[in-house]
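Visitor: In case it helps, Swiss-Prot gives these features for our protein:
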{"type": "SITE", "residues": "Arg15", "note": "site 'Transition state stabilizer'"}
{"type": "SITE", "residues": "Lys22", "note": "site 'Transition state stabilizer'"}
{"type": "SITE", "residues": "Arg157", "note": "site 'Positions MEP for the nucleophilic attack'"}
{"type": "SITE", "residues": "Lys213", "note": "site 'Positions MEP for the nucleophilic attack'"}
Amino acid sequence: MAVFALIPAAGMGKRMGASINKQYLLLGGMPILARTLEVFERSPLVDGIFVVIPADEIPFCREQVVERHGFSKVRSIVAGGAERQQSVLNGLRAMEGTAGEYDVILIHDGVRPFVTEDILGRATATARENDGALVAVPAKDTVKVVEDGIITATPSRETLWLAQTPQAFRYGVIRAAHEVADAERFLGTDDAMLVERLGRQVRIVLGDYRNVKITTPEDMVLAEAFIKEKLP
């Protein structure tokens, strides 16, 4: 069974407040997206990479990210949709004819550059034996359910996990889940949710608190500290 990475990076990054989309901001001298792709390019597990970005950014991404950094595993750069879910579906459809039904697809945020080879390996192994694998970390803070500014519930922290990526599935499973959601016009908050609603079980894989998604200026400060430790 082959393993393919699907990297959605079609977001506009409004919360970052930058003049360019967040995936192209420099982190240790390289665009964040390039840092992320580098992990999958170097991984012996990964056979190919599909990147999903806004249609008007495809030439820039090809020249300034993929070709400039020599990412030979990138099979296709796909135009994204209005929502992340549509972008992932576009990527899955682009894999048709390349990915087999039982091949593993690692869906990973383009602005989450600190994922490790260990996490990729455990997510892949879990997806091969289950309906899906969700990388996550236990919640450290108490979480409150709030309605109209009033606390209505305090879930047990022991049952709460914070979802990260990659989220890993066999191609046939995740393609079917996305096609059903698209047909029913259902918009989920992540890929695992679409698989769960079909009655399938997704198993948790322990992630890493450093596997952050860079969304805000505060995240960028944290990422810069991490990259300083990582670089020689």
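Note that Cβ sites are derived from N, Cα and C of the backbone, with glycine treated the same way.
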Visitor: Give the distance between the Cα atoms of Arg157 (site 'Positions MEP for the nucleophilic attack') and Lys213 (site 'Positions MEP for the nucleophilic attack'), rounded to the nearest whole Å.
Guide: 22
Visitor: Taking the Cβ of Lys213 (site 'Positions MEP for the nucleophilic attack') as the centre, count every other Cβ atom within 10 Å, in any protein chain shown.
Guide: 16
Visitor: I need the CA-to-CA distance for Lys22 (site 'Transition state stabilizer') versus Lys213 (site 'Positions MEP for the nucleophilic attack'), whole Å please.
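Guide: It is 11 Å, counting Cα to Cα.
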Visitor: I need the least crowded one of these recorded sites (Lys22, Arg157), counting other C-beta atoms within 10 angstroms of each C-beta.
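Guide: Candidates: the recorded sites Lys22, Arg157. Fewest Cβ atoms within 10 Å: Arg157.
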